[in-house]
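J.: For reference, the structure I am asking about is given below.
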Amino acid sequence: MIKVLSPAKINLGLWVLGRLPSGYHEILTLYQEIPFYDEIYIREGVLRVETNIGIPQEENLVYKGLREFERITGIEINYSIFIQKNIPPGAGLGGGSSNLAVVLKKVNELLGSPLSEEELRELVGSISADAPFFLLGKSAIGRGKGEVLEPVETEISGKITLVIPQVSSSTGRVYSSLREEHFVTPEYAEEKIQRIISGEVEEIENVLGDIARELYPEINEVYRFVEYLGFKPFVSGSGSTVYFFGGASEELKKAAKMRGWKVVELEL
């Protein structure tokens, strides 16, 4: 049996530039891998993908990716996958996309790399726009739907705390609430990202997070509580995770326990 770790990400800012000809929205974002992981176990056996939280196999991005891998390569996959989910679904942390990228990269290696890095990137990107980032990791600017990546080194370090309410945010619902007034120019977003890369985290903005706070009162409650504690809150992706730079106080931990929020303290 092989064990691999599947990291989460946060978005250190996300801007929507408009619509692509495909109908998808064009975004600009700064991805940051964080040391918060799902644990994935791979063993030889009948192709099966299971999780500890009961995600139906046919809905799991990993299963979809493995079936597509079989179709493209003509190779039958004889591996059973078990995913210990620590990263909540619908949290804006890219857990499912990370699982997809990590498993397909490992299975490709185990089978002698029938797919090139570019082919693997195209495969996972066809299933999830966030997935190609997890083949790269660390920090990267995401353009297009998020799949056109530019690796960068940021000046951001130190403690970061995630606060995750008990609500799963629907990315589709958030995107469908976008209006033209939410769009910004590429020049505006590029300038913001360069400032954030240099360590000016107060420049972080996320229009999807603003919409998620309107759609899901639970996210806004966390956001307002973090503000009350004196920190500047940020939303990752389309929610539901709210994060801030700093450690978790006893007051936050107590409030989180009462409200069922998950608190994760990390070091960047």
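Placed from the backbone N, Cα and C atoms, the Cβ positions cover glycine too.
The following feature annotations were taken from Swiss-Prot:
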type	residues	note
ACT_SITE	K9	active site
ACT_SITE	D130	active site
BINDING	P88, P89, G90, A91, G92, L93, G94, G95, G96, S97, S98	ATP binding site
J.: If you count Cβ atoms within 10 Å of the Cβ of G96 (ATP binding site), leaving out that atom itself, what do you get?
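T.: Result for G96 (ATP binding site): 25 neighbouring Cβ atoms inside 10 Å.
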J.: Can you list, in sequence order, the residues of the same chain other than P88, P89, G90, A91, G92, L93, G94, G95, G96, S97, S98 whose CB lies within 8 Å of the CB centroid of the ATP site?
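T.: Near the ATP site, the remaining chain residues are A8, I87, G237.
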J.: Show which residues of the chain containing P88 (ATP binding site), separated from it by at least 6 in sequence, have their CB under 8 Å from its CB.
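T.: Result: G95, I164, S168, S240, K262.
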J.: Does D130 (active site) have same-chain partners at least 6 apart in sequence with Cβ under 8 Å from its own Cβ, and which are they?
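T.: Same-chain residues close to D130 (active site) (Cβ under 8 Å, separated by 6 or more) are K9, Y31, G94, S97, S98, G146, E147, G237.
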J.: In which DSSP state, out of helix, strand and coil, do we find D130 (active site)?
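T.: The three-state answer is coil.
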J.: Among all the protein chains here, how many other CB atoms are within 10 A of the CB of G90 (ATP binding site)?
T.: 19
J.: So if I draw a 10 Å sphere around the Cβ of G92 (ATP binding site), how many other Cβ atoms end up inside it?
T.: 31
